[in-house]
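Feature annotations, courtesy of Swiss-Prot:
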- 68-97: repeat 'ANK 1' (REPEAT)
- 154-183: repeat 'ANK 3' (REPEAT)
- 188-218: repeat 'ANK 4' (REPEAT)
- 223-252: repeat 'ANK 5' (REPEAT)
- 257-286: repeat 'ANK 6' (REPEAT)
- 291-321: repeat 'ANK 7' (REPEAT)
- 414-434: transmembrane segment (TRANSMEM)
- 452-472: transmembrane segment (TRANSMEM)
- 492-512: transmembrane segment (TRANSMEM)
- 518-538: transmembrane segment (TRANSMEM)
Amino acid sequence: MVSDRSCIGYLRSVIAGSVDTHTGHECTITNHAAEEGGGTAAAAAVKVMTVSGSGKRGRYVRQVTGRHNDTDLHVAARGGDAGALRRALDEAAAAVATGEGREALEEVRRAVAAEPNEAGETPLVAAAERGHLEVVRELLRHLDAEGVAAKNRSGYDALHVAAREGRHAVVQEMLLHNRLLAKTFGPANTSPLISAATRGHTEVVKLLLELDDFGLVEMAKDNGKNSLHFAARQGHVEIVKALLEKDPQLARRNDKKGQTALHMAVKGTNCDVLRALVDADPAIVMLPDKNGNTALHVATRKKRAEIVAVLLRLPDTHVNALTRDHKTAYDIAEALPLCEESSEIKDILSQHGALRSRELNQPRDELRKTVTEIKKDVHTQLEQTRKTNKNVHGIAKELRKLHREGINNATNSVTVVAVLFATVAFAAIFTVPGGNANNGVAVVVQAASFRIFFIFNAIALFTSLAVVVVQITVVRGETKSERKVVEVINKLMWLASVCTTISFIASCYIVLGRHFQWAALLVSLIGGITMAGVLGTMTYYVVKSKRMRKIRKKEKMSRRSGSSSWYDNTELSETELNQVYAL
């Protein structure tokens, strides 16, 4: 019989191997039992790892303990001892890959780190379950994608276990390592989001919901229930709100029994979950399952008096809705065993007009329901029409305001320009081209160009002054009158501009004289073409604008008399598409 001490020494021994010429690396794991009678160490197990390669072959013998034959890496991972785990990996690599390169050492570490116990649990799963972040980080450094995604015999991988246990930091670290881990499935097609939502781990759920491109919120188990079903059933209101914020239509999804999340919520006792679901979609309160049960029927059968009271306060709840068995909620309440909850539920139902199925007058109820629906539809349409009229009135008011502001800006601009024209014209008469004689008379007073300059400069001066007088005299307030005034003063400003141009051309002839006649002609040509082009274009748009207004006025009159033609409508639509306004 071998003593305990010698047996333990044997378990920790390192046995060197012989030279092997095989290429590549092959990993073999063998379990041995060291049973030597009834000693305590005789029940221990040994794991021997052999790695063959281009260098030496080594065998690393490690002690395994516990019910599932955990290795020393499992023990370190469960205890959160990152240092011990690091030393165990280094010892295994040094023992097995003796004399080989760095890649061989890392391959040994990868194989040792991914080694499961008899329950199929890797050290990463053990560390993730207990939330040891440093150990998880250390293991992720050595594991490949297959090792990270390894599942235990229950069908859960490390990320799934961490999400189920609410290890937010571990889940975040593993998602940073590989986002695709969030799409793995456990038993019965359970996703990590479903496990976290069922356990009520809000932070983990919000973290998983950030992965928008994976569609995690749409994933459901084999029975058709998604994460909202389970969160609602367990009464996790914050998770329910987070899921509905992500996808409000999730409230209408049903499982294979036809149950929505509201059916699951009324089986619990949390009224806040019920309110959150109804706020997202009020119509779900009357959605039936495959047996015709609404949320009210389920809550009554589960004897949830408070839930029944909340449901009956909702406007969309039909207290006498029938199941496929032609039973109302009151029929279900009467069939319950006599107790305080069932009596309270019957009282609540009676207060809201609940009846037995045999007491229902189906034609009368159907007619009443139809009339009610028509009234609701009419009320909705009237309300919508009122809102539309209000919006149109607001838009029209805003347009009038903008129109008035545009006219005010135009009048202010015209006033400034008119003052400028008047100033230039007034100053020009005292700085006569060619100068003055000693008696103050202009030297070129007999020239025709001077007479042209003098006359048109005076017209420009008095026209501009007239515009200024009109602008400072007219009282603001009437948009239509202001528009007419602006049209008149704009024409006066056109006249002032033309006169100023002619005055400038005439002064050019005075100053340049006969020696530079070509320069005066060039100035005349430039000024004439510019003013003629601008005024001609503006005249075209003014005429076009007036024509468009006449067409619209004619169309309005024809609509009132009911004699509008297809041709008029076509012409109007074309003018409305090409509106150009000119004052």
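Yeah, the Cβs are placed from backbone N, Cα and C, and that goes for glycine too.
When Cβ-Cβ distances below 8 Å are used as the criterion, the repeat 'ANK 5' (223-252) is approached by residues 188, 191, 193-194, 196-198, 200, 202, 205-206, 209, 216-217, 259-262, 264-265, 267-270, 272-273, 276-277, 280-281, 284, 287 of the same chain, each at least six residues removed from its ends. Residues 223-225, 228-237, 240-241, 244, 248-251, 293-296, 298-299, 302, 304, 306-307, 310-311, 314-318, 321 of the same chain, all 6+ positions outside the repeat 'ANK 6' (257-286), place their C-beta atoms under 8 angstroms from a C-beta of that stretch. Remote same-chain residues near the transmembrane segment (452-472) are listed as 411, 414-415, 418-419, 421-422, 424-426, 428-429, 433, 485, 488-489, 492-493, 495-497, 499-500, 502-503, 506-507, 510 (criterion: CB distance under 8 Å, separation of at least six residues from the stretch ends).
Remote same-chain partners of the repeat 'ANK 7' (291-321), defined as residues 6 or more beyond its termini with a Cβ less than 8 Å from a stretch Cβ, comprise 257-258, 262-263, 265-269, 271, 274-275, 278, 282-285, 327-330, 332-333, 336, 339, 341-342, 344-345, 348-349, 352-355, 360, 365. When pLDDT is averaged over the repeat 'ANK 4' (188-218), the result is 90.
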